[in-house]
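Student: Could you have a look at this structure, given as structure tokens, before my questions?
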């Protein structure tokens, strides 16, 4: 793995003259998680063959090549604590970052700014890729086409979104005191959840159950049934605004919440009570996140810019405090007070202002943080034998790091200018926000009018047109109208006929059209260096009988989305 190095020789970094930025640009280092995955896949063996537990890396730089992904250390969450700063990114607008989210495959990171625009960063080299305009709730495809916009989704700011397990619904939380459940394909509001008395700051959808949770400025945590829009129960454990509510994706029985009362709590859904209280922050906690692999590792961010990591199985009590008993270890778990947990690792100066958002890479080796100081920073675990991170400016502060010689303020300014230059160059080469022309489909994506419940004509890939009926089906059972989209073939050749999924009209001879000139087609292909096979026909043979049922089987999608709320 290659990581970004925040240290180095201050006198002449990377060949640049003192006090200037002329000379070769600093090489962009990347994080290559592929090497650790390959190492794990090559060395692991199933349990029935023995030797499935591999040798642990020793504290030496020579063991760097033996680093394994967090999945190989499921029972050792301490190895995945992100203690080392990798890189920091800042957008051209230089506005506070309110949300960061990794794409499901982990190749890119999406960040949302205070002005409403959002940016896309490369997840390996952390370079800027593209920027999007601000606006309302919008649907985007990976090719950066704005597919759809929901105007006036709420009457006030939308604070959080959460997806259903089937990805057909999503939940929104707003400062207008309501939560709304939207149908993704129909782009309509199905249910409005009311019950909070103040701004709703966070929400989440259980990964396997039909259960919703929300946190509000009224200090309450509420559970909801998405089918009936009924509030199931309310928790009153916090004494100030609830800033984050997150279900664990590893242990589905756990819920974590954070609040401005400087604490975070872990609830067990089976007992419907808190089992852990996370203390240690000196300012209100603004966000938290679960590790995607280890259910006992929680990271929290505070309004003073500190980043703390907690291990639920290690209390880490300060000296002089009496340890408390976990409810699980008590003979009376229902009445035992929640166990107090203190951080296993503290990054006191992670940001210069409030940390508003945290998100883990899907593999669990990189943590991204977004802050009011306009920076998006990336954190990772330490390499074998590495301890220098304990003396960097993020752990002991800029003044102390400068006094110890581990960081230079002048070098930091030059480094910032270099990064800004690189971001400007990346933006010049970035992808373009491709706006969809109103009333038109996306290039290469078929669209068609479809009956309700069969998908969406505006959201390609979500549902599809109804397939043609099989031969002998009664006309009363067939779908109304022709819902089969045109399917142009060879768009580069204007003389090729357009085909459709529907059968040809009675008496028509589409395969013997005078517009089809195979001789001309053969010349065009030969000019491009394409050799046709021997016996290539010079004209089409008329088809006496059209395909029964219309079109070719498999060309028309017949997938009907699952509109259930839960699994």
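In case you wondered, yes, glycine gets a Cβ from its N, Cα and C as well.
Not my notes, these are from Swiss-Prot:
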type: REGION; residues: 1-28; note: region 'Disordered'
type: REPEAT; residues: 92-131; note: repeat 'WD 1'
type: REPEAT; residues: 153-192; note: repeat 'WD 2'
type: REPEAT; residues: 195-234; note: repeat 'WD 3'
type: REPEAT; residues: 237-277; note: repeat 'WD 4'
type: REPEAT; residues: 280-320; note: repeat 'WD 5'
type: REPEAT; residues: 350-389; note: repeat 'WD 6'
type: REGION; residues: 416-478; note: region 'Disordered'
type: COMPBIAS; residues: 418-430; note: compositional bias 'Acidic residues'
type: REGION; residues: 545-567; note: region 'Disordered'
type: COMPBIAS; residues: 548-557; note: compositional bias 'Gly residues'
Student: For the repeat 'WD 6' (350-389), what are the same-chain contacts with Cβ under 8 Å, counting residues 6+ beyond its ends?
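Tutor: For the repeat 'WD 6' (350-389), the nonlocal Cβ contacts are 1, 3-4, 7, 31, 33, 36-37, 57-64, 66-67, 69-71, 79-91, 94-102, 104-106, 109, 111, 121, 123, 126, 286-294, 299-307, 395, 406.
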Student: Per DSSP, what is the residue tally for the repeat 'WD 2' (153-192) in helix, strand and coil?
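Tutor: Going by DSSP assignments, the repeat 'WD 2' (153-192) contains 0 helix, 22 strand, 18 coil.
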Student: I'd like the per-state residue tally for the repeat 'WD 3' (195-234) from DSSP, helix first, then strand, then coil.
Tutor: 0 helix, 21 strand, 19 coil
Student: With DSSP, how much of the repeat 'WD 6' (350-389) is helix, how much strand and how much coil, in residues?
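Tutor: Across the repeat 'WD 6' (350-389), the residues distribute as 2 helix, 18 strand, 20 coil.
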Student: Over the repeat 'WD 6' (350-389), what is the model's average pLDDT?
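Tutor: Mean pLDDT, the repeat 'WD 6' (350-389): 91.
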